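Structure first, then comments.
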Amino acid sequence: MGVGISFLISLKATVHFIVFVFLRSLGFTLLSLPFLYASLVSLLIALASHPSINLPMLLGKKSDGSFPIWSIILFSPYIYFVRIFSVLRRLNSGEEPYSEVCEGLYVGGWPNSMTTLPPGNPAIIDCTCEFPKLREFEGHSYLCVPTWDTRSPQPGEIESAVKWGSRKRAQNRPVFVHCAYGHGRSVAVACALLVALSIVEDWREAEKLIKKRRPNIQMNALQRKALEEWSKHRLSTARREK
């Protein structure tokens, strides 16, 4: 499964706490307090993002993609860190913000401006719990599937996103599925959508197709497991309908 968000954020919490202790030992009490707070926030997020807990709603992201003011204040050390890190990583990688994996279906990273949004007034499936929907996108159809980074939407959430995306494609609307970078969470949903649209026969073929268009994708074991469970449920439903 690789290194997940819980482990990474735990390291971040540890580093902040070490800095807090160091500054406190030098007598810089006031200067040390923000590091203590950042450490506690990171620890809380590390726990909430662990697969055994998996509570993406901790950050309070609403169904319209906005964050309440209490969340912005309370979790500011994490929320602004991931936004800044996302922008810097995109600049450093040189990767395209989105890729068209088949006609009318796009996969990519968090759209932080109009220039990083695919053309054609796309319907947006947002697979993040840590990034906001920008006000510039108010006119776009929008579905939020809040998921921690390195984790996966649940099979039921994948199915809801697939049904929503299929309806938009039936209306000839382009669909943009995004997470932070367009490598994991969004790919899982896009794989299922490709199957539902009869572009491919199963999610494994879908993954190969997406990888040809967006080479840096890398789903993990949790995301593949969720897709496998979604596929089994979908097949059993089809048999009952027959």
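Each residue, glycine too, has its Cβ placed from N, Cα and C.
Note that TrEMBL annotation is computational and uncurated.
Across the domain 'Tyrosine specific protein phosphatases' (156-225), the prediction's mean pLDDT works out to 97. The domain 'Tyrosine specific protein phosphatases' feature in TrEMBL is assigned to 156-225.
Annotated transmembrane segment per TrEMBL: 6-23 (among others), in sequence order.
Residues annotated as transmembrane segment in TrEMBL: 30-49 (among others).
As annotated by TrEMBL, transmembrane segment applies to 69-88 (among others).
Packing against the transmembrane segment (30-49) from elsewhere in the chain are residues 4-7, 9-10, 12-14, 16-17, 19-24, 55-56, 58, 74-75, 77-78, 148-149, 151: each is 6 or more residues past its ends and has a CB under 8 Å from a CB in it.
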